[in-house]
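Visitor: One structure, as structure tokens, below. Some questions next.
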Amino acid sequence: MTQLSGPPPARSAAFPIAAELRDVSRVHGSGSAMVRALDGVSLAFPAGSWTAVMGPSGSGKSTLLHCAAGLERVTGGQVFLAGQEITGAPDAVLTRLRRKKIGFVFQSFNLMGSLTAEQNVALPLKLAGVRVPRGDVRAVLEAVGLGDRLRHRPRELSGGQQQRVAIARAMVTRPAVLFADEPTGALDSASARTVLSLLRRMVDEEGQAIAMVTHDPAAAARADTVVFLSDGRLVDRLDRPTAAQVAERLARLEAAPC
Amino acid sequence: MLSLSFSTFRDRWRLFAGAIVAVALGVALVQSSLLVMVSTDRAPVPPGASGRVREQIREGYAGAATLLGMTVMLSVFLTVFIVGSTFAFTVAQRRRDLALLRLVGGGRGQLVLLLLAEALLLGLAGTALGAAAGVPATWAQARLLIALGFLPDGFAPVLWDSGAAVASACVGIAVSLAGVLAASRRAAKVRPLDALRDTGASARVMTPMRWLSGVSGLALTVLMVALAQSAELLGAMMLALGISITGGVALSALSPLVVPLAGRALGVALRRSTLGEIAQANLRDGVRRSASTAAPLIVLVALLVGLAGTLGSLALMSGEEQRRLVRGDLVVESPGAAAERIAAVPGVAAASPEVTVPISVTARHHEEGRSWRRTHYSGIVAVDPPAYRRAHKVRLLAGSFDRLRGRTIALGPGMAAEGVRVGSTVTARVGGHAVRLKVVAAFVPTLENYSETFLVPRDVVPAPVRAGGEAQTVVRVAPGTEPAQVRERVRAAGLGRARTVAQWADARTAEQQRGNLGILAVLMGMAGGYAVVAVINAVVIAGTERRAEFAAARVAGMSRPQVVRAALVESWAVTAIGLVLGCAVAGGALSGMLAASLRGAGRPLVAVPWTLLAAVTVGAFAVTGATSVWTTFSATRPRPVTLLTTRE
């Protein structure tokens with residue numbers, strides 16, 4: 001397969017730290033119903049590195065991802081994205097960032113059902129008002145192995161194929177950071193392997209920064225670093241992990257009394 | 001953005017079908033109304049027509065123009081309403097898609113643009129259909145207006161006018177864009193994070209705007225019902241019209257609160273069977289769905305039953321009034337020539353011939369500092385003043401009826417509010433001669449629409465002219481004689497048709513009623529058409545929205561017919577609630593009429609339009625039932641598993 005998206009990385013040089021949380025806390029509700037989803041979390045997502053975020057249900061994984069991506073406002077602390085502080089940024093600024101600097105991939109694919117694969121991939125560029133050369137869109141889809149599915153609608157594709165379209169859509173803008181929320185959660189193991197290899201290649205060959213939330217130790221083992229969250233706090237960290245190590249740490253966390 | 005709108009539009013045409021039909025209907029009606037108006041403008045009164053015919057045609061045209069104006073306004077309002085609620089629905093349903101657009105970099109403005117572009121496509125499609133439907137609609141509308149007596153027989157409308165086509169196309173597109181505004185504002189508020197939440201806190205159904213319009217409308221309605229209890233008849237009538245409108249709008253705005261509440265009451269009956277229980281739970285849960293089906297029904301029933309009941313009651317009361325104004329036993333309708341001979345029939349104690357004569361009266365009208373001269377042709381009656389006085393209860397606003405002799409004239413009930421002054425002089429043209437008459441008296445207006453305009457002493461009109469008119473003669477029979485006997489003698493002598501005062505008054509009432517109902521039928525038939533579109537629209541949208549829910553029910557062990565039945569029970573329950581709430585509003589509207597009639601006539605004179613109500617009820621159940629069954633059937637066609645596993 002060819003390179004993922006056009007010319008080689010300038011990203012790692014431009015933003016050595018693609019996204020960063022500094023002492024971030026996020027509180028839901030108030031009074032007795034108050035929940036600390038995040039409690040003083042500091043974490044950086046460097047370029048050319050894949051970080052997996054793990055933890056038991058309700059540990060604040062998703063909230064962490066949403067806050068880092070500027071989708072949720074933080075209650076305390078600072079958030080940086082592509083070298084810019086976005087802690088209290090207005091909607092227009094966040095919209096611009098989403099167009100240019102951030103890519104998203106979800107468990108449930110989230111493609112527009114009425115658009116073809118090709119149209120789905122071109123959508124972010126069109127929204128940014130960029131003229132989209134067809135060749136570019138095709139190249140990105142070919143890079144994820146879907147060169148022959150350009151005109152298909154999401155419902156005509158398998159789950160793995162849909163997820164690859166979603167990745168192509170996320171990559172077409174060449175974002176500083178790719179946020180992935182359980183990207184393999186809805187896939188069979190073969191499709192999951194394909195998708196994970198695709199992500200791995202983007203990190204190694206193009207210096208892409210990836211922040212991924214997952215439940216799956218096998219998926220986390222493909223990352224460079226795994227961080228563990230519990231009750232909204234960072235409690236552990238593994239570099240170059242194996243699936244067995246990850247599973248063991250996770251089991252310990254889940255067994256611990258809360 | 002336009003290509004995205006286009007693909008959404010193509011993908012979700014079913015959602016938009018109702019709105020397209022509404023726009024098409026609106027465009028067709030606007031176009032046909034404009035064309036009929038253009039035609040009345042271009043079809044001059046035939047030369048050589050008598051003044052009376054000219055006056056009738058002109059009045060018919062004016063009546064037609066009023067009716068057409070109301071038609072256009074009503075259809076524009078209803079189209080905006082349907083397009084608006086369709087888009088409100090699609091925005092709620094497409095929340096995830098819209099959030100996703102925000103997530104991949106769509107700005108708020110772009111979301112608004114997306115919806116505006118969809119509305120534009122919808123408007124164009126509706127306008128194209130409407131322009132084509134406008135041709136038969138114009139023909140049909142002209143036929144209808146001829147049948148109602150507004151337009152002369154043989155009136156042929158222009159079937160195409162580029163000006164009217166352009167104007168109605170503009171209306172179609174403007175109406176679609178106006179309908180989408182509120183929804184696009186709501187769409188712009190969708191947050192990108194909503195795409196990531198599976199259930200996604202769906203938008204609140206009771207928006208602040210809804211609360212405001214619902215609560216203030218309800219307060220206003222309650223106030224009007226209270227006022228109507230002590231209002232005079234005309235006041236009660238105006239209040240009844242107001243109550244029908246504000247009450248319907250208020251309850252439909254509050255329907256997300258009211259419908260589940262009524263559903264709870266209905267629940268006692270439904271909970272006996274399992275399907276009923278499921279239906280009742282859905283009724284409470286799917287608030288937006290139930291409310292949007294019930295809302296158009298509430299408005300329709302409130303308007304239809306409220307207005308028809310009010311006008312019907314008014315006609316009943318005007319019949320009662322006529323009965324009380326006449327002091328006699330029989331009323332004989334005959335040619336003018338025969339009227340004079342009725343007094344000579346054995347058994348007749350007194351007769352008051354009143355001949356509607358073909359003369360004209362030109363009078364000066366004064367109103368708000370302006371004054372103008374106008375010639376009147378219809379409703380001019382020649383009477384024998386002393387006999388008239390004995391046969392009628394004469395109620396005057398001004399002047400004296402005793403002075404009605406010689407070259408004088410009295411203003412009839414139909415002329416009371418026209419600004420002709422007592423003491424002024426009018427010119428009558430009688431058989432080619434001009435006669436100047438002094439206005440000596442003015443009658444109190446009656447409830448009737450087409451009453452006498454002028455009363456002249458019969459000496460003013462020469463006998464040959466009187467003989468050509470139409471007469472009605474109030475007869476009092478001699479003591480000891482049976483009215484039936486006199487009636488038989490009048491008939492035997494070939495003098496005319498005699499009826500009791502009660503029969504005569506009922507006939508007059510029926511005639512009034514016919515005119516009122518004709519106009520009402522046109523307007524309400526149209527509103528009913530829109531309501532049908534709105535209800536079908538709501539049921540179809542709700543049905544397609546619920547594919548996954550139906551699939552889950554089937555996986556849980558319900559058969560397909562059971563799912564269809566549960567959905568049917570649910571939509572019939574909503575229909576029943578809509579009908580009952582609409583009737584409640586109409587009841588409030590008619591309560592004022594009831595109070596007024598009890599005070600004025602001492603007995604209840606309220607016409608509840610039972611036939612109409614029955615027709616609406618049967619129609620509503622048939623339409624919602626058929627639509628529900630059809631949508632549930634098509635939504636349950638795929639095997640349940642495929643629906644539960646695929647997301648997009």
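Counting starts with 1 at the first residue shown.
Glycine is treated like the rest: Cβ placed from N, Cα and C.
In TrEMBL, annotation is done automatically, which means it is predicted and not curated.
From TrEMBL, for reference:
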DOMAIN    B:72-190  domain 'ABC3 transporter permease C-terminal'
DOMAIN    B:524-633  domain 'ABC3 transporter permease C-terminal'
TRANSMEM  B:66-91  transmembrane segment
TRANSMEM  B:111-139  transmembrane segment
TRANSMEM  B:159-183  transmembrane segment
TRANSMEM  B:211-231  transmembrane segment
TRANSMEM  B:237-262  transmembrane segment
TRANSMEM  B:294-317  transmembrane segment
TRANSMEM  B:517-542  transmembrane segment
TRANSMEM  B:563-590  transmembrane segment
TRANSMEM  B:610-633  transmembrane segment
Visitor: Average the per-residue pLDDT over the domain 'ABC3 transporter permease C-terminal' (B:524-633) and send me the rounded value.
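Guide: Reported value for the domain 'ABC3 transporter permease C-terminal' (B:524-633) is a mean pLDDT of 87.
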Visitor: Looking only at the domain 'ABC3 transporter permease C-terminal' (B:524-633), what are its DSSP counts of helix, strand and coil residues?
Guide: 97 helix, 0 strand, 13 coil
Visitor: Mind pulling out the one from B:211-231, B:294-317, B:610-633 with the most Cβ pairs under 8 angstroms to the transmembrane segment (B:563-590)?
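Guide: Answer, by Cβ pair count: B:294-317.
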Visitor: Sort out for me which stretch, of B:159-183, B:211-231, B:610-633, has the most Cβ pairs below 8 angstroms to the transmembrane segment (B:294-317).
Guide: B:610-633
Visitor: Take the transmembrane segment (B:211-231) and find every residue of the same chain, 6 or more past its ends, with a Cβ under 8 Å from one of its Cβ atoms.
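Guide: Same-chain contacts beyond the ends: 239-240, 242-243, 246-247, 249-251, 253-254, 257, 585, 588-589, 591-593, 595-596.
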Visitor: Looking only at residues six or more beyond either end of the transmembrane segment (B:610-633), which have a C-beta under 8 A from one in the stretch?
Guide: 293, 297, 300-301, 304-305, 308, 528, 532, 535-536, 539-540, 542-544, 550, 560, 563-564, 567-568, 570-572, 574-575, 578-579, 583
Visitor: Run through the domain 'ABC3 transporter permease C-terminal' (B:72-190) and tell me, per DSSP, how many residues are helix, strand and coil.
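Guide: Split by secondary structure, the domain 'ABC3 transporter permease C-terminal' (B:72-190) comes out as 98 helix, 0 strand, 21 coil.
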